[in-house]
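**Student:** Pulled these from TrEMBL:
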- 112-147: domain 'EF-hand' (DOMAIN)
- 183-218: domain 'EF-hand' (DOMAIN)
- 347-438: repeat 'Solcar' (REPEAT)
- 446-530: repeat 'Solcar' (REPEAT)
- 538-626: repeat 'Solcar' (REPEAT)
Amino acid sequence: MGFNDKGKAAIVGGDIKNDENEGLELQKRGPSGLKRASTAKLREIFNKYATKDIKGEKYMTSEDFVRGFLGLFPDNNFNEESVYLLGGVADTNKDGSISFSEFQAFEGLLCQPDALYKTAFQMFDKNGNGCVTYTEFANVIQKTELYMKVPFKLDGPFVELYFGRERNRAIPYTEFSQFLHDFHEECALEAFKLKDPSRTGYITALDFQDIMLNVKNHLLTNAVRDNLVQVAEGHKVSFPYFMAFCSLLNNMELIKRVYLNAAGGNRLEPVTKEELLHSAQTMSQITPLEIDILYQLTDALHQNGRIVYTDLSNIAPENYIKKITARLTDIKAVETPADRSAVTAVLESAYRFVLGSIAGAVGATAVYPIDLVKTRMQNQRSGPIIGELAYRNSIDCFKKVIRHEGLVGLYRGLVPQLLGVAPEKAIKLTVNDLVRDKFFDKQGNIPGWAEVLAGGCAGGSQVIFTNPLEIVKIRLQVAGEVVGGAKVRAWHVVKELGFFGLYKGARACFLRDIPFSAIYFPAYAHTKAAFADEDGYNHPLTLLAAGAIAGIPAASLVTPADVIKTRLQVVARSGQTTYSGVIDATRKIMREEGPKAFWKGTIARVFRSSPQFGVTLVTYELLQRLFYVDFGGTRPSGSELQKIGGPAIISSKNDNVDHVGGYRACLPILHGIETKFGLSLPRFQSTLTAEAMKAKKL
């Protein structure tokens with residue numbers, strides 16, 4: 001990889017060329033999937049942060065770029081050398097000033113699939129000639145925290161293999177990327193040798209912990225970090241065990257795929273050691289010792305001899321390309337789940353209730369015309385007394401409503417529906433989440449019976465809102481069937497029925513809503529998991545599809561209860577059969593109309609409930625993603641990642657709106673230099689360094 005002069009910069013590997021004189025609006029997507037920012041937008045942002053002026057031309061200093069634009073090293077006592085090194089990733093001429101061409105060229109580099117390695121290479125390539133010499137490498141590596149903890153032998157045989165015995169060989173980008181990958185493993189090997197000076201091939205458990213905390217700390221999650229001594233069982237750690245442990249942590253993303261292969265793609269399926277070992281041998285070179293260590297780690301967390309996908313997520317080191325959905329709010333109500341209180345739990349329920357209300361209103365409005373057709377079809381009697389049927393089928397009903405009542409007729413009764421559907425759907429979603437939360441185990445899993453129970457509780461709890469809403473809505477929906485009849489108002493219906501009359505048919509409502517939710521919510525959770533991508537992320541379209549598919553069995557199987565409820569709640573017209581209760585209605589419908597009558601409106605009900613709940617659930621989950629508040633409880637699964645073409649981007653409450661195009665990936669990639677290669681730079685100046693800098697300025 002190489003760069004030309006500041007007037008023009010070319011990115012060799014990405015097929016993207018930027019020419020300042022052309023003024024082109026670059027909207028191309030790089031191989032990574034990130035959309036390039038336009039030249040005009042980048043120019044505007046560059047001028048905003050550039051403070052250096054040379055002959056009328058603006059330039060950024062390293063501090064402008066790193067502290068001002070990227071927002072890193074915000075403290076006053078920042079380490080100036082670290083800022084200078086990081087600024088060098090964009091300053092390709094290494095003259096201490098970043099021109100607009102360099103700023104734009106680096107934005108293009110960040111869109112490339114190997115941006116992590118190229119960015120690291122730019123930090124070491126201090127003279128900008130496209131190669132790294134031994135002196136450049138030593139100069140940078142000696143400033144890292146890794147070298148301060150483990151003084152690596154820079155004149156040893158490992159370095160000679162890459163830079164030559166005389167260390168006079170310059171390494172190009174592709175070879176340096178391999179060197180950087182191998183170097184950190186060599187540091188771990190060197191640390192083991194320092195702890196084992198007599199070359200016994202063993203170190204103590206405490207020495208093992210010390211090496212992992214100092215050399216491999218970037219690979220350790222809290223769960224692993226807290227159990228390092230326990231997995232070693234307090235005994236000596238052999239060199240093969242040490243190497244296998246490091247290899248396991250380096251290959252956790254591969255282990256996840258091995259697990260999914262063994263579990264048939266089901267993230268909730270417990271997998272035994274034998275099953276995982278068999279899968280590992282068929283698709284990778286994961287060793288039996290690494291599998292043993294994996295199960296030792298999981299057994300330290302929960303002793304059941306099996307693992308599920310969440311175990312791997314708890315062990316896997318943080319990935320620099322981990323991304324979360326872009327957020328409009330990012331509020332942390334508690335620092336840790338341990339700080340969660342009863343008040344916090346109440347606030348979480350209120351938060352879910354508000355979002356559920358909005359989601360319910362959106363879902364109900366989207367499918368209300370279908371609901372009206374369903375109601376009229378279910379109320380249509382086919383007994384011998386009634387005579388000719390008003391509607392042949394649901395489509396005929398839809399056409400006649402438009403013909404005789406206009407488009408407004410399709411939304412007859414919508415206002416009371418919206419007034420009631422908000423608390424109805426909100427309480428259903430909130431109660432389902434609340435009950436599910438009580439049954440999650442430490443692995444983040446919930447048994448099937450608990451899912452059904454949570455759904456049933458949700459369905460039963462909503463009836464207090466559902467029944468009054470349904471009876472008013474239904475009477476308004478069927479009112480349009482009587483030509484020339486008096487206009488029916490929602491308030492008149494409420495006044496006529498009275499408080500207890502609003503709960504007429506409540507038993508049938510229970511018979512419908514409890515089994516519906518008991519079927520729907522577990523089906524939705526499992527369908528959503530099946531539609532998640534290999535990273536466990538659910539795109540909004542998969543959420544919509546999961547919600548719609550789960551609604552098909554739930555809506556169709558409870559149609560008989562819905563028919564009975566509808567018959568009990570409508571006002572029977574002259575000559576129509578009346579019903580005194582659920583059992584009476586069941587007997588009379590069976591006797592007069594046959595068993596097929598119980599399935600009237602099934603198609604309309606499915607076409608209404610499936611999309612309604614699909615829209616409601618996708619709205620509910622997207623609202624939780626957009627208006628993120630961390631109460632220390634559970635989050636909807638599949639909501640932690642955001643895809644942008646290829647890789648995904650870290651988003652946080654400190655996101656800078658000026659990080660456009662490739663710069664959206666800049667902070668994750670700089671973070672990845674630490675988490676993947678362990679090349680952490682000091683944040684603060686030491687007292688000695690600070691005094692030296694002060695003297696230099698004086």
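For all residues, glycine too, the Cβ spot is worked out from N, Cα and C.
Not measured: the values here are computed from a predicted model.
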**Student:** How about long-range neighbours of the domain 'EF-hand' (183-218): same chain, 6 or more residues beyond its ends, C-beta under 8 Å?
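**Tutor:** Counting only partners 6 or more residues beyond its ends, the domain 'EF-hand' (183-218) has Cβ contacts under 8 Å with 146, 149-150, 152-153, 156, 158, 225, 228-229, 232-239, 242-243, 245-246, 249, 317, 674-678, 680.
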**Student:** Grab the pLDDT values for the domain 'EF-hand' (183-218) and give me their mean, rounded.
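**Tutor:** Within the domain 'EF-hand' (183-218), the model's average pLDDT equals 88.
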**Student:** Using DSSP, tally how many residues of the domain 'EF-hand' (183-218) sit in helix, strand and coil.
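**Tutor:** The domain 'EF-hand' (183-218) comes out at 25 helix, 2 strand, 9 coil.
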